[in-house]
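**Q** Handing you this structure, nothing more for now.
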């Protein structure tokens, strides 16, 4: 392996995977360290502030509390935790190659941030499945609030189980007077255990979820873009509802693609290191790792920006959240976006059935009346005149109850 590496299972604090080949304690110029510190500090501030604001927007406003939005809250909390605990502490460890934070936090660092990473990707998968059921199978029963909370709890339990092996084998070692937080895999099968764990993790928290989301959003896209709105409703609620669903799909696809791009180089880095350990002898590898780790962690700060750019309600929520800033001036319309319950249209037919063209309380980040659609009550509206023996009657406008 060469004298350039530490022959221990040094975890240079990936927060997800361990570099068990070890890394030399390369020093860097002060100016370079300052640049990296600024980049990581900006990442943490944007990610924590943005995801905390997203959580507040949804939980503080009754209109926003929908099934899909609960998964968005779960995603935001996971990203917030990953940025706060993973990015900040691991940057210090990776840049100094010394563990300053004690044994207990070593165990914590190899459990909770990794769990948050798993929760993040599984929350995106849950959103994709929820939208698939709402749009492709609109008449199937939707998740209730208790069921949604149970699914979220299950996501955290599965994530904890997947993160536990790295926590279980974590320990503190001393190397030439420097304290290390390492993952000490069983010595008799160290290389095999490491590679197997890397591959299992990549499959379970990257390839498999991305495949599920790709299939789900592909079917959703085909369903929505093939759906035609009847000519007499071309300017009505049905059209707005359909456009809102399309916008939601575009938003979530952008979220997923951003996540995939940010994490792919990081996973490839560790796979390559499992086969070619000598790459860790190169002087530039510390800079490569810091760059790839920053790119991976930056995935935690993009979602709030995407929501704010593509969704009217989130823009209103951000204006309200930052109204103390002199350059932010929320309007009365911003308050109504988050508190006012819109009207919806009912179409009554001879069969005494109702067609709900637009329902209040639809989810974000899809948009309908003023840009929103797709919540727990979100069902595909049905053209009643197409049902046997039924003919649509006059449209009746009714106010939705809050």
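Each residue's number is its place along the chain shown, starting with 1.
Any Cβ shown, glycine's included, is placed from N, Cα and C.
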**Q** According to Swiss-Prot, one residue among 11, 51 carries the annotation N-linked glycosylation site; which one is it?
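**A** Record lookup in Swiss-Prot returns N-linked glycosylation site for 11.
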**Q** With the ranges 231-250, 291-310, 311-330 to choose from, which does Swiss-Prot describe as transmembrane segment?
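**A** Feature transmembrane segment in Swiss-Prot: residues 291-310.
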**Q** From 33-56, 345-368, which range did Swiss-Prot mark with transmembrane segment?
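**A** Matching range for transmembrane segment: 33-56.
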**Q** Are residue 145 and residue 223 on one side of the membrane in Swiss-Prot?
**A** yes
**Q** Kindly report the helix/strand/coil residue split of the topological domain 'Cytoplasmic' (57-69) according to DSSP, in that order.
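**A** Taking the topological domain 'Cytoplasmic' (57-69) as a whole: 9 helix, 0 strand, 4 coil.
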**Q** Mean pLDDT, the topological domain 'Cytoplasmic' (57-69)?
**A** 89
**Q** Ten-angstrom check, please: count other Cβ atoms within 10 Å of the Cβ of residue 324 (S-palmitoyl cysteine), all chains counted.
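**A** Summing over all protein chains shown, residue 324 (S-palmitoyl cysteine) has 6 other Cβ atoms within 10 Å.
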